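Working notes for the structure below.
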Amino acid sequence: MPDSFFASAKVRKRKRPQHQNGVKKPSKKAKLDEELSQHSDSDNNANDWADLDLRAEEPDPNASGDSDTDETPAEKRLRLAQLYLSSVKESLAAGEGDFDAAEIDRDIISSRLKQDVLSHSGKIHLFVADSYSSCLSTKPPTLRTRGHRFSVTSAVTSSSSRYLFTAGKEGAIIKWDLTTGKKVATVHKCRIHDSSTTTPSSSTATKKKNKGKWKAQAIEVQGHTDEILTLALSSDGKYLASGGRDRRLIVWDAESLSCIKVFQGPMNHKDTISALSFKHSTHTLYTASFDRTLKLYDLSPSILGYTETLFGHQDSVLSISSLSGDNCVSVGGRDKTARYWKIVDESQEEKGKEKEKGEYVEGSLECIAMIDESTFVTGGDSGSISLWSTTKKKPIFTHPLAHGLHSTFSSTEGTIQTPRWITSLATLPYSDLFVSGSWEGQIRLWKVDSKLKSFSLLGNLPIPGIINSLQLVSPPKSFFTSLTSSSKTPNSASNPFNASTDTTAAASLHTTSTPSVPNSASLPNTSESTWLPRSLLSQPHTRTAPVIFLIAGTGQEHRFGRWLTVKEGGAVNGCYVVALLPDSAAGDAAEEDGGEGTGGLRTF
């Protein structure tokens, strides 16, 4: 008898069954399933519909209607490319007229594809500056608006160029019809006053007693209570943002100029809001302030709130600029730095201003504007304009004394010459054209080198006063199409003269509008009242370059203070809109005007 110590009480591992001829026998479970399946096929054929999935498959949004389920990824890419090329052909044929098929395939489509690739890369791809040289030598069509009591601090329009918005030091926002130059609506500054609690003759003790009520009332006011220094308009023209000395960021409905939301108090700026900028094609808003911070707001209807704060500047942030990417640039006044902010990476790059070789040293960086996602320009109180790249810490190129010297007479030292500092900058996004402003009565247009290594002066435009705000925008074809269609039906309900309103923000009430509709029989013809030449309405765009609107907010004082006053040379508190026409369009407009210019100045 074997020893019990070596005896195995149970089988620790199941032995695999030995199959004859290497064929595995079906298990009991598989046999049972087979029997059930045969039974259901024979007995329950009438109930087969209960096991079917009658739900429709979810459609693939990236697939086209003629897709094949058996096609390979390479075949799908080829099919989508062919669809894209056919859509490009149709759009070009519809927008540019009739062309030879070979010409479309060889020239137009190739240039269109190159432009699409460059536009998605975020680099400069519109080299159009040379197309406006002849326009600067004549009198381009110019619109001047006058409606503000004090200096215009900001003037903006959307990409559609339908309406123009201006803000002034008196605390008012005015909406203009850019096709006719007529005033559409006005929002005035709010005056905080409650007759039920205090009166102008109330005693000091009464005012101290109601101090808390006054603070609560100031928060409830749906409008600005002090100077408005900056405006920003979203690309779709839906939201208008404004900020100023009252530390309030207010979001308006651009169509009705009604207040949507007021950002004030904790988590918001604690000092004057100096600059605003919308990210292109989004509702993301960048704000800058004297409190040395930048803030991000998401103005999407589902969020409409504060996002985050960016720290880094050591002095007041005076200007900010952004394009389509998840980044922005800003300048910090007397900290003499320009900063490139990477929002997604939560990092920043400091660009230090190098000491000038000339006599004048930079004391403050005043303004900044992005050319493309990696190139931007800055201007300061030394009068110099610098070209920067995100790959280098120092400027690539600097043009000293861009707007010349300002001469003043001193009884003790005689004539003193100081540089005119750069008060504003603006670029046509992703192009080689940008403009600068000061107070000598000229707006200067600059051309960037194709290699982004330097820039040169293209020409001047005579605009008197201190240039507090600049913008370059290219109106779409729909803008000129609407002018042409409205000229055929001048008395229609869509005529801009039917929407003339004046809006006043009361102390503690929402903005209200009082429509003033004139007699439709006395409405002027839109084609006769517009400030643009008729030849431009028929051919608004050429194949070489588009029409560009230069918008300049001017005044007799600088937007940040009153240390500089300019009243000579016809300086007014208003806004100028100059139509920069490419060479071919400028020649047609000059012939229409008798060869002496292209329309000159019109004031509204």
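Here the Cβ of each residue, glycine as well, is placed from N, Cα and C on the backbone.
Sequence annotations record features per position, and here TrEMBL assigns compositional bias 'Basic and acidic residues' to 30-42.
The compositional bias 'Low complexity' feature in TrEMBL is assigned to 507-516.
Among the features that TrEMBL reports, compositional bias 'Polar residues' is placed at 517-528.
What TrEMBL records for 1-73 (among others) is region 'Disordered'.
The annotation region 'Disordered' is assigned in TrEMBL to 507-528 (among others).
On the 0 to 100 pLDDT scale, the model's mean across the repeat 'WD' (145-186) is 94. Under the heading repeat 'WD', TrEMBL lists 145-186 (among others).
Long-range contacts of the repeat 'WD' (221-262) within its own chain (CB-CB distance under 8 A, at least 6 residues past either end) are made by residues 153-160, 162-163, 165-173, 175, 185, 187-192, 268-278, 280-283, 285, 287, 289, 297, 299, 304, 503, 505, 507-511, 513, 559-560. According to TrEMBL, the repeat 'WD' annotation covers 221-262 (among others).
According to TrEMBL, the repeat 'WD' annotation covers 266-300 (among others). Long-range neighbours of the repeat 'WD' (266-300) within the same chain, counting only residues 6 or more positions beyond its ends whose Cβ lies under 8 Å from a Cβ of the stretch, are 229-236, 238-239, 241-245, 247-249, 251, 306-311, 313-324, 326, 328, 330, 332, 341, 343, 429, 560.
The repeat 'WD' annotation in TrEMBL covers 310-351 (among others). Through the fold, the repeat 'WD' (310-351) approaches residues 122, 271-272, 274-281, 286-296, 362-370, 372-373, 376, 378, 388, 390, 393-395, 425, 429-430, 560 of its own chain, all at least 6 residues removed from its boundaries and within a Cβ separation under 8 Å.
According to TrEMBL, the repeat 'WD' annotation covers 422-450 (among others).
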